[in-house]
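So that you can see what the record holds, here are the features copied from TrEMBL:
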{"type": "DOMAIN", "residues": "A:136-199", "note": "domain 'CBS'"}
{"type": "DOMAIN", "residues": "A:200-256", "note": "domain 'CBS'"}
{"type": "TRANSMEM", "residues": "A:284-304", "note": "transmembrane segment"}
{"type": "TRANSMEM", "residues": "A:316-337", "note": "transmembrane segment"}
{"type": "TRANSMEM", "residues": "A:358-380", "note": "transmembrane segment"}
{"type": "TRANSMEM", "residues": "A:392-421", "note": "transmembrane segment"}
{"type": "TRANSMEM", "residues": "A:442-459", "note": "transmembrane segment"}
């Protein structure tokens, strides 16, 4: 890693002085992923020139590894002819991704490509980006179910492929997927004369071109598959999703959930501009602001109800009650959202989970309610000097009850929101976003307000 | 999936009535991952009995797939003899994981195992759980660098292994890793007479037994490796990490970050009890509560400074300012934390990132400050009826300036906290946890308080 950092500095130095003749000798021995990292960390104006210095043979691999702003910059520095040359050397799914990035020029580039290569890419471009079809590649190894393992190995070897593969997919006469066998299993001498169909250990798992990419990643993770076959509507094998793309989907989904949580989006990871950060974040902050307006109105009414200094002291606890309500809600939402993402929250368990949240919320509410009550007793004791209409004990009790009510409600609401969103086919992660969090805050304030009014009225 | 759900209902029905003779015929055709899911979704008391019904041959695979409470329940229902039988049929890393779960009985079980099997497991048990050594398996295929591809294929086939593998690791005379070749590449007829060392496309990447598991997963993801070789201190090959374990690490890390964010921990995903939820969440809520105490003290002093109704109206905006400060900080922290996790935030970029956060925070602060100023003008206008010491314009301006200051500060603090934690070798994700979030809230309140005092004093 340290070597890579030193190299980055050297290359930045060369880029500043335009001393390109000093670079090439150490660049060509690097892994394309390292070269992509060097380019991504270089100043934007040097990214095109550094890419230029790389061996032509390595360029397609490096281009595949680039993403975000660095990818845009390098592609902008290339002519359509160059891009079409690089893209021809890529796996069809990578080629389709690059063409997706240069939308305006994609037709032109496709026409510059050899027909054989462009056909596959055109086919892939027709699928939605976030479906199994959108991330699959059309390169795969398929064998007919009737041949023997020995024949299969001979056939596969004769293909002289240059993309990694680990499974041979077994198809019937109509190209429908029967299942698959692992390459290493085909090699065993004891299997040589068995028919491949008898070696199939994995049944076909129905992932279709239109299956959501997240669902596809979940299936692959659940069944520990290194690559996932993809079927068309007639259950014919049309492609496979490779591990690197599945990993990207899993990483992407985790980033997405975390950024939704914070009120932003994961594109921020790939771009450096502050304006882009504002564009991603400001809408969510404005939602928080709008809910905040509501809280200021409620607080205004709250304070307007207050006639004596002793009751005014209840307003000291507004921030705590809001924060505790908000946090309790976030904890419940997180459990459900992540559980839905990794597949541990399933239909059968929802009632069980909700009842668990109610109990947990109430237990934590009792505990925190007691503590805040004691604290309130201390705080109010020291404040109040004028004639007392309410005992400090009664006011502290009010604060404790209000916190208990706010937390119990927040635990249930926090769990329910993502479940309802998921049911209505929306993204449950939105439930952890600023909108629901801010709602939780405001609801906690309303509960505090109502409990206080009720308790004060009851006393009178 | 629907089929699986129906099956779960049927099995629950059988479990309730103890009608086990009705179950076996559909159970044996399922994938171990599906069987594990069925067990996990069954009531706790039925989990042992359902496992009992599974074919003995499938049991080890199902046991590997189980996790959390379901795994505990099933293991509790098994005798040490049974566990030792199942564990012998597992890959050494899976066996070590199971033994880690039954700590008190692990010595006993190891002694019941065949010596050959227990040796590997004992070796693996000595590594820390969250290191490369802790998740690697000792099963791998290694070939000497001097043999030909044809010889290698013959040798590999003769091993008749039963664990999946995709690479042959190439080692020198001293068992030091030279690199690796892909199995499918060895098969090509055109490579048959080449020496394997000449086919090595991937150089050795130094992942050692003591490397942190997250770092190992990052390396595998960066270089798109389906399995990662692990070296000892003398750079000898001692094991490999398989894709399923790498995936688990990536999923785990994403869950961990999200749960730290919310103030809880990812063990919640695997256990259903509300008490366990309280144990995971309550400590964080207590931190929020403690910081809340601080905010109540500050607010008390704030309100004590207030002499007129017009200045009291400034307290309406306390919740907004706190929420906006908190959220802005979360957004910055999230970017850095996730960037550190997926590797897009690297040393070179930190100054650039910080300056980006300062600019973004200030821009968003100006924008939101303006809006809240206008809102405050509206709110205060309608409130104040008594003699005016300050114009409503001046008070609204105060609110706007305070929000701007709070947001700018929060953006920088939010970005700085995870960077500093990472530098001091702590987990940066803690920076998004309730502690830092609550600090952000309180700091926003302090800034509001100070700005208000300053503005009011300046006016006088």
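Here, residue 1 is simply the first one shown, and the rest follow in order.
Cβ atoms here come from the backbone N, Cα and C positions, even for glycine.
Note that the coordinates shown come from a computational prediction; the quantities given were computed from them, not determined experimentally.
Tertiary neighbourhood of the transmembrane segment (A:284-304): same-chain residues 262-264, 312, 315, 318, 322, 433-435, 437-439, 441-442, 445-446, 449, 452, selected by CB-CB distance under 8 Å and a gap of 6+ residues from either end.
Helix first, then strand, then coil: DSSP counts for the domain 'CBS' (A:200-256) stand at 24 helix, 16 strand, 17 coil. Per-residue confidence over the domain 'CBS' (A:200-256) averages 87 (mean pLDDT, predicted model).
As a summary of secondary structure, the domain 'CBS' (A:136-199) carries 23 helix, 18 strand, 23 coil according to DSSP.
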